[in-house]
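Record features (TrEMBL):
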ACT_SITE  E55  active site, proton donor
BINDING   C53, C88, C91  Zn(2+) binding site
DOMAIN    1-130  domain 'CMP/dCMP-type deaminase'
Amino acid sequence: MNQQQLVERARQVKENAYSPYSNFRVGAALLMKDGTVINGVNVENVSFGATNCAERTAIYTAIAQGYKKGDFEAVAVSGDTVDFLPPCSICRQVLVEFGDPDFKVLMTNGEAEIKEVTLDELVPFAFTELEM
Ligand code: THU
């Protein structure tokens, strides 16, 4: 699966978002190293703090399906924004938990233009397991 196909999947799955409170739909397409693509959408709640972002929905689904740290290749994120949509900081921390430093993050905008960065570039000075 190439960059454009992964982004197209994120754009399609965005339609499944449950976002009645923000009216902001987000779709994520998570590519595993074995070629499997896992969908994620934001799922909101009337108790706003219970909301789950699209990226975390996809990552948690991958874990539930049996994938492990190191199995993650890339994620494409899509929302109808003018600027490239970056993962929020909570999602970044979850990405760092499971993704390698060279894991690819494909940020897109409403025009499906792509900005690709590595996880290491997205989250410099990441909080990971500390040597003590
Ligand atoms: N959201 C995501 O799903 N991913 C992001 O990276 C940014 C924010 C969702 C959470 C909430 O449902 C809505 O966008 C507005 O913040």
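Yeah, the Cβs are placed from backbone N, Cα and C, and that goes for glycine too.
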Residues satisfying Cβ distance under 8 Å from C53 (Zn(2+) binding site), sequence separation of at least 6: V26, G40, N42, P87, C88, I90, C91
Additional residues surrounding Zn(2+), by Cβ distance to the C53, C88, C91 centre under 8 Å: A54, E55, R56, P87, S89, I90, R92, V94
Distant-in-sequence Cβ neighbours of E55 (active site, proton donor), under 8 Å, six or more positions away: A28, L30, G40, V75, V77, P87, C88, C91, V94, L95
Cβ neighbour count (within 10 Å, all chains shown) around C91 (Zn(2+) binding site): 23
C88 (Zn(2+) binding site) CB neighbourhood, other CB atoms within 10 A: 14
